[in-house]
Each structure stands twice: as structure tokens, then as C-alpha cells.
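Chemist: After the C-alpha cells below, expect a handful of questions from me.
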Ligand code: GLU
């Protein structure tokens, strides 16, 4: 393990703002956040916006919104990589001074010519610049790029916390460009300079960057900087084991919010995608912070499993505080572009949460079960529910109403009244409950009739029974 591991932990998430926050990016951010938060460390956010053509402010906003929804708070200001371009150029010049880089005047045509000749002769097509060892006195007054003077023999070894020891033969790597002829830095240089300047001790990112780690290590070494601890995590695959793509379903973190998954459930599920702590499937973020370690990250790609996601989310909804649930439901409705709750709806919903939250895996499911609390009179019934309203059951509702007028409106009292009433009529309670569910919620599957009555109160209950009896 590198010496960087002895210092206070600093991790970062470094997305390129070219679209939305991908689910894989969300997981990378989560791993970095958990690792830092569990160690009193620092978690930084850097937007890698050096590619001016592909980077957009809208994409940056979408990334920040996605992270905020997931509850992954970063420390300090968001760093813009592009804003640091002068610093990157300064380091490129310093590499020149140290003899770790050189000015290369080869034109695009010359490079192409080199490659063609190499191909024809069956040699490696890696570009070998004639300027690598040229005497500066021979330099023309022409545009140039700055190239890293990469070692040509030996190997570069990455000690990766997930992938183990990974060796790269230096002869397979060319002298990469660190500064373009227009003075802009390349991505490979910018990442290293930024990670170094930001004091990043642990680079946890997708294993699609493993090859970059070799080249980046060369820059660290050329500058005499301490190499961070590497942890390249396998990418997420679809349920079929293939590389994750749109046909597997939602890819953007915000789409999951719009589908009504709670953020705590999403964090829990994403943590389990590629990382494990014994057999624990359901846990809080605080627990995950305490447990999360690079040792627990698997080497093979994790598969997205919507069933598991739903099951974990259902367990989180069941234990969420009412106020937090109300906040998240409001945010879900906004994300899904659905109308916000009115004050009365919110008041009834909050009152009814105790009877709703242990049965819903997502917010839309919870809201469907909460129909009795959200609809206003007259309550419309679906076909199945409408079936339980016939002349006989309407008569029964009419008879029941005056008895409810006198009830004390406690659960015990309502239970006693309804059970006695059903007994008197010689009907099972289920038979009585069916038209009550229709009257109160317009559905056959609802919370218990007592809970519905308690939540909406006496006047509303009686009015709904009267509506149904008269219909
Ligand atoms: N900007 C890179 C990406 O979005 C990440 C680079 C890194 O983490 O080092 O894939």
C-alpha cells in the first residue's frame, strides 16, 4: 500500500459534464463519499469540463442535482477543471524543465507518415517522436506540443486495491501529449495535476480508467509527487450480465428519483452493487460508512437487479421518519412532474403514513394505497370496487351511518361498532368491509377501514358513506 494511505483521507468524484449523472457515476460517487465519511475524511467534487465541445452547464446542473438527491454532500466548492488550465500548463512547463517532457514539433502528417511506414515494416505503430532527444538549439520556430518523456523499458506497476497488482510494459506506452499546441492541457495531465493539488489520497473510479492509471503514474513520478491509492471498480452490468445500456432500463440517477425510489434505499442498493459486508442487504448510510472498505469491493461486475432495489427501498420506506417521507414524496412528485399535494392532502397523507409505509416499495405505490387520503368527494370507484355496491350493501351503509355519528372515533370504538353491526346483520366482517372500502377509497385493496376512518375523520367518513349509499 502506498504511503498516501497514512494521511487523512481525501477522495473525489470527477465526472465529465456531458449528459446526466449515470447510475454507475452515482455509485462511484457513493463509494468515494462512504470511504471519506467513514474516516473523517474529505470528499471533493471536480467537474472535468476541459472538453469544451462536449461539456455543458446543463449537464453540470444535472450531476449536482443527482448527487444532491442521493444525499452525497461534497466538501468545499465544486472545482472546475477547465478553470485550472493555466496551472496545468505551468506543470507541463515544469515537466519540460525537469527533463521529464519535451517539445515535439512533428506535424500530424509526419505522425501519419511514421505510422504508415511502421505498419508497412510490421513494426509497432506507437509514435516515436524524433524530438525526444533533440538538442533545443535545433528547435524550429513552429508550433509544438509537449510530450511526456515516458520510460521505454521496464514496467509501470499499479498496486490496485481492487484489481491487485497490475503491470504495464512501458514499451507499449507512447510519449503522450500533456499540452496541446494551442496551450490547452490534455485530460491525462489535468487529472493528475488536479488530484495532486486537491490532496487526493484515494482514487476510487471505474475500471475503464485502469489503463489511464499507468500513464498517470508516470506523470506523478516525473513530478516527484506521491501516487494516490488506486481502486478501480468493475462497471455495473445489466441483469443479463451484459454491459449496462439503455435497453436495461433507466441509466440516469434522476430517473430513479422520478420512478419514486427513496434516496436512502437507492444509496443502500447502490452500495451493494459491487460491494458487500457479509450477508447484510439492508442497512443505513451510517452503518455503511462504518463498514465500507475497499476490501469489500468485488472484482467481477455487479448486475443491476430491480427486484432487489425494490425490496431494499420498501424496507427503507417502512422505517423512514414521517417528516422525511413527506419531504421525499414532495420531491418525487416534482421530479415526476406530477401535481404537488394540497395542504389537505398532505395533512391526511401524513396522518395516514403509519398505515401505509410498511407496504410500499416505491412512492407511486404508496400514493396509490393512500388514495383514500388524497381523493376528494365524490370518490370514484374502479370496476372491481364498484361491484360491491348494490342495493343491499347501499342499504347497509345507510343503516350504519347514524351509528357512526355517535361513535367516539377511537380505533377500539369503531372496531366494536362495526363488528357488532356485522354480527347483527349476520354477515362476516369482510362482507361489510367491501362496500366500506369502495365508499372510502374506491378500491378493493386499501389500508384497514378503521385506519382510513381515523385518518379522514368522522364528517368525511359519513359524507363518503352517504355518497356511496345514494349513488
Ligand atoms: N472524468 C472521468 C469520467 O467521467 C473520470 C476521471 C477520474 O475519475 O479520474 O469518466
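Even glycines carry a Cβ here, placed using N, Cα and C.
Small disclaimer: the values here were computed from a predicted structure and weren't measured.
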Chemist: Which stretch, out of 238-242, 243-247, 248-252, is listed as motif ''KMSKS' region' by TrEMBL?
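Modeler: In TrEMBL, the motif ''KMSKS' region' feature sits at 243-247.
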Chemist: Tell me which range among 15-25, 26-36 TrEMBL lists as motif ''HIGH' region'.
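Modeler: Among 15-25, 26-36, the range TrEMBL annotates as motif ''HIGH' region' is 15-25.
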Chemist: Any idea what the model's mean pLDDT is for the domain 'Glutamyl/glutaminyl-tRNA synthetase class Ib catalytic' (9-310)?
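Modeler: For the domain 'Glutamyl/glutaminyl-tRNA synthetase class Ib catalytic' (9-310), the model's average pLDDT rounds to 96.
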